[in-house]
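Accompanying notes for the structure given below.
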Amino acid sequence: MRATRQRGRGRVAPTAGLRPPPGASRRRRRIGRALLYVVLVLGAVPTMLPFVWLIRSALMNDNQIFIAPPEWIPRPFEWSNFTGALTAQPFGRYLLNTMIIEVLVVTGTVATCSIAAFSFARLRWRGRNVVFAILLSSVMLPYAVTLIPTFVMWRSLGALDTFVPLTVPAFFGGAGGGVFNIFLLRQFFLTIPFELDEAAYIDGASPLRVFWSIILPLSRPALVVVTIFTFIGVWNDFLGPLLYLNDESKYTLALGLASFQSVYTAQWGYLMAASAAVIAPIIVLFFFLQRYFIEGVTLTGIKS
Amino acid sequence: MAAVLTRKPDATARPRAARARVSGQARLERRWGIGLAMPAILGFLIFTIGPMLASFFFSLTDWTIGGSPSFIGLDNYRTLWNDELFWKSLFVTTYYTLGSVPLVLVLGFVLALLLNQKVRWLSFWRTIYYLPTLVPAIASAVLWIWIFNPDFGLLNSLLRQAGLPTSQWIYSETAVIPSMIIMSSWGFGNAMVIFLAGLQGVPRHLYEAVSIDGGGAWQRFRHVTLPMMTPTIFYNLVTGVIGTFQVFNQAYVMTQGGPNNASLFYIYYLYRTAFTESEMGYASALAWVLFMIIVLVTFALFQNARRWVYYEMAGAR
């Protein structure tokens, strides 16, 4: 049955624009396809192995984890690693801190990047393209160049050990990486027919109204992409919290995990459980928003 | 939806004919236009241009946190020239870049080619190969320390079972960078997805043309896929190089630059200079040198690209 379905698929190919395979080479094609699956499976093994290692270690007690040669099935399943690790340090607090920063950064970035993109894409003003080009040029700038003065600035403003340095830049076009969001949204806004704005303006609408009632509703996919990638950026950010947060009660998840790692150096069960807990939400998010993820990477990849 | 997303408008100006110039409309747009772009412009001035100039000024001083800066001209840059650790960190970073970028590019390209065919459970495969890219850098650093553990880690366990010689991985001066390169290859998913996007943009009719001329799969790859993909390869190459030059997390969490500075990545050295030794002036000089290196390397890549990157528009010009 499998074989007939395969052959059925083979016949689909010509509609995709390829020449129909001559009958003689059909077998060769079938071998080719089998080989393809073999390679895909073989490639998936090293890709997934670290995950398997993570999960099995997260569920083992110290006796089992240090057995050589290693065992793959935890016996028994040591679920207490998770409760142990997550209560050894206030991971709940870290999660709350991370979410506070997430909400502020995502809100700020989406709001200011989209209004800037709207301005650059759909409102005509003198110098618009020059300003946009200058903004865009900062994409190439290594973050190390602005790192030290920015730190010094926040320090002299007394903002160290607060969320201010981690969140306020988001309300100014995301700063740094935010320029890419502006670029992305601008590209998207340009694909919306301009007749819509014209009609609204004739009816006496203000630019803000056009933005809110016409452009935003039509741009949901692009906004979702920016939201997701901003969210992940914050979730993964390590250097920012490392520089600006000292008090443990203000740590984010990434920073909390790093400090956990330096305290519980040899308690691998705990460490793996904590890591799994930090990884899991992003992977769950990925499964729900998979379509947007791939689209987003595709979109960000196309940069001329 | 994808079609809408990837469509590239060729003109940014709106069609003039479609626009009735109502008096007042131009003024309205100018006022709102500048106003709405203002947060982003201010952000650029406050968080990019300002710090850039400040950083350059700092690099000309001997400023340490707590002290007061005095102007020392190019002294920092001169010191840098004779700074063994500077050269070491540059070497480490270049070594890592030369190993990691080609590996990630090749893996990403091969997998993209495979997954660009009519494969069953396509989104399943894409998910599998993309998943490692999603793992937060710190979590993956913690995981890989455990994988590299010489006694009980995954890699040595497998090698031992296969009867092969084991390694000290990140705990050995010679093996630490190769180890980090192996680890970086785990994250080829981003490159892969960008390659997939590129492959979907290759015009089908070109393949037909090769087939009509009697060309097989190899000819299709050699004369259509590869040349049409050079811009995407180039994009991944440039962003990959810029990215690997700025590696920090691995050095901080996994090795603290060791053993014996064998994994002293450039940014880690800069971080240590600035935030452990408080040498803000010297660290700023390091930052500016990195900036110049990145500009030079990018420029060199663009120069080199003229020889092998194929742009469809080039003929039309």
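Glycine is treated like the rest: Cβ placed from N, Cα and C.
Those TrEMBL annotations? Automatic predictions, nothing curated.
If you look up TrEMBL, you'll see B:36-58 (among others) marked as transmembrane segment.
TrEMBL lists B:90-301 with the feature domain 'ABC transmembrane type-1'.
Remote same-chain residues near the transmembrane segment (B:95-115) are listed as 122, 125-126, 129, 177-178, 180-181, 184-185, 187-196, 198-199, 221, 225, 229, 233, 236-237, 240-241, 244-245, 247, 265 (criterion: CB distance under 8 Å, separation of at least six residues from the stretch ends). Residues annotated as transmembrane segment in TrEMBL: B:95-115 (among others).
Taken from TrEMBL, the feature transmembrane segment covers B:127-147 (among others). Residues 111, 115, 153-155, 170, 183, 186-190, 192-193, 249-250, 253-254 of the same chain lie 6 or more positions beyond the ends of the transmembrane segment (B:127-147) yet place their CB under 8 Å from a CB of it.
Per TrEMBL, transmembrane segment is recorded for B:175-199 (among others).
Long-range Cβ contacts of the transmembrane segment (B:233-253) within its own chain (Cβ-Cβ under 8 Å, at least 6 residues beyond either end) map to 93, 96-97, 100-101, 104-105, 108-109, 137-138, 141-142, 145, 180, 183-184, 191, 194-195, 263-268, 271, 290, 293-294, 297-298, 301-302, 305, 309. The annotation transmembrane segment is assigned in TrEMBL to B:233-253 (among others).
With a threshold of 8 Å between CB atoms, the same-chain residues lying at least 6 positions outside the transmembrane segment (B:280-302) that come near it are 55-56, 58-65, 69, 72, 76-77, 79-80, 86, 90, 234, 237-238, 241-242, 245, 266-267, 269-271, 273-274. What TrEMBL records for B:280-302 (among others) is transmembrane segment.
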